[in-house]
Structure formats: structure tokens, C-alpha cells
Amino acid sequence: MVLIRVLANLLILQLSYAQKSSELVIGGDECNINEHRSLVAIFNSTKFFCSGTLINQEWVVTAAHCDSTNFKMKLGVHSKKVPNENEQTRNPKEKFFCPNKKKDDVLDKDIMLIKLDSPVSNSEHIAPLSLPSSPPSVGSVCHIMGWGSITPIEKTLPDVPYCANINLLDDAVCRPPYPELPATSRTLCAGILEGGKDTCRGDSGGPLICNGQFQGIVFYGAHPCGQALKPGVYTKVFDYNDWIQSIIAGNTAATCPP
């Protein structure tokens, strides 16, 4: 089964077909408390359901399929149960989607840009991750992180984020397991060919960081997670750089690449 990586209860509410629910990082370890300073936890009411990436003091990038009503974003979070003094909570002031995104097609242009209702302050546990200066190269070592499921089948959500290293693979590797993805999709293929390391339910919207640069957004994958020859699929951030920068500059009519 193939599903977008979002929590199952939100899938029922938001999506009209079976998709992969958000997951924890499979095959990883607890992140160092200062290893995820740009990672944003997104909550609907009181429940965590997605992640995002802080790209400057006022803007967060996440997946379009993470959109929901009345959500909040928490920054500087490590343990979801034990708050720390550096945590900051923000509401979305504005949300932006690709205006040329195919309506009701969650596989098309899965990116959302969020303006916060007030700027955040950098701290020991909070710092933005800048947009990529160049696209990543196949073979790059990439870092994944999130509060998603740490077990591949049953949903086991950890209290703290897990991190793992995977490899950026050739796009051709992701075509056979995911023929439903458009051939023109602006995505990255990343994982471990033999399986065992992957993003999973609850990791949706979080970052793929390759050689220290924010290169991807957790988007799509197989269920169970971490299967051999079924890597994860990530929205390619570099292809949306111009759109993101245009929106931030005030050109809200900017369109995304086809």
C-alpha cells in the first residue's frame, strides 16, 4: 500500500483516497537536542500531525497535504510531553500554495509556505535553515528527522524526534514502485536500497537535509515503511526557490514551475 505520510485520523478528514500516513523515522535514533533547530512541530488542536522547516524568522515550509484548520506551530520542541523554556508557539498568518497546482491532486506540487503571525527569535534550540543554493547530487548523504512512527507497520509515535542518514538516489529508482507519480513531478528519491531506514507516519512536511542544505520535504512513500527498493519521495525544494522568494518579497501572484 502506498500512502502520503500523514497521521491516519487526519487522512480520513482531509484526503479522499488511501495515502501514506505521517511516520516517525524508521531505523534512526533520538536526535541530539540541538540537531533539529529548524524543525517545526505542527499541531491540530492538541495533537501533533506534521512537521515543517523554519527558513527565516517569519516563514515555514511544509507539505501542502499538511494543511488543516486551526493548527499551531511549535518551535524549539524536543520532547512533546516536557516543554522547555526555549519553545515558541506561532499561528499561521497566511498560507500559500502553488496557484497552478492541480485542484484536488495531492500528488501535484506538494508544498505549502506559511507566514507566521509574529517572528520567532533564534535561540539555543531554534534557528532557520536557508533555502538550497544548488540542487543535490545523487549519492549525497541526507539527514531525515521527525516525530513520526518508529515502527514500519503499527503506528508508534515517539515523544522525541528521531534522526537517520539516508542516500539521495537516482529518480529512476522511485519510478517502478510509484507509477502513479507524474513523470514531470519535481521530486527527489531518497532512502536505503536494502531498506531499514525511512521516513514514516507522522514525518510528513519535515525536511530532507543533504550536505547541510534544505533539499526536500517529506511527501510520499510505501507502507510498511522502510521496505527494500521502495525509497521515500520528497518534494524538491530547489525547484521552488524562485516561487518561495517571490512570495516572501510580496509577489503573492507568483506561480510555481510546471
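Glycine residues also receive a Cβ, built from the backbone N, Cα and C atoms like all the rest.
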With C210 as one half of a disulfide in Swiss-Prot, pick the other half from C66, C98, C142.
-> C142
Among C98, C163, C174, find the residue that Swiss-Prot gives as the disulfide bond partner of C31.
-> C163
If we count other C-beta atoms within 10 Å, could you say which of the recorded positions N44, S204 has the fewest?
-> N44
Here the Cα-Cα span from N44 (N-linked glycosylation site) to H65 (active site, charge relay system), rounded to a whole number of angstrom, reaches 14
Packing count at D110 (active site, charge relay system) (other Cβ atoms within 10 Å of its Cβ) | 28
